[in-house]
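I have placed the structure first, in the form of structure tokens, so that the comments after it can refer back to it.
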Amino acid sequence: MVEHANVVEAQCDTGGPCCGRQGRGRRCNSGLCCSQFGYCGSTSEYCGAGCQRGYGRCN
């Protein structure tokens, strides 16, 4: 994890959820979206329906 000004960014290399409610409240790295299942990415599966606002970018 990387911490900036009390905001913890997720490092998705743990084999489990790494952002949002499922990822212990961590945020995705800049420019990425947090999916409804707690994973960071940039495609519509992550940024579309179910995207967790407040934990990364959403469309």
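Glycine too: its Cβ is placed from the backbone N, Cα and C atoms.
In TrEMBL this protein carries:
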type	residues	note
DISULFID	CYS19-CYS34	disulfide bond
DISULFID	CYS28-CYS40	disulfide bond
DISULFID	CYS33-CYS47	disulfide bond
DOMAIN	16-59	domain 'Chitin-binding type-1'
> Which of the disulfide-bonded residues CYS19, CYS28, CYS34, CYS40 has its Cα closest in space to the Cα of CYS47 (disulfide bond)?
Replying inline: CYS34
>> Applying a 10 Å Cβ distance cut-off over all chains shown, what neighbour count does CYS47 (disulfide bond) have?
In response: 18
> Other than its own, how many Cβ atoms are within 10 Å of the Cβ belonging to CYS33 (disulfide bond)?
Replying inline: 25
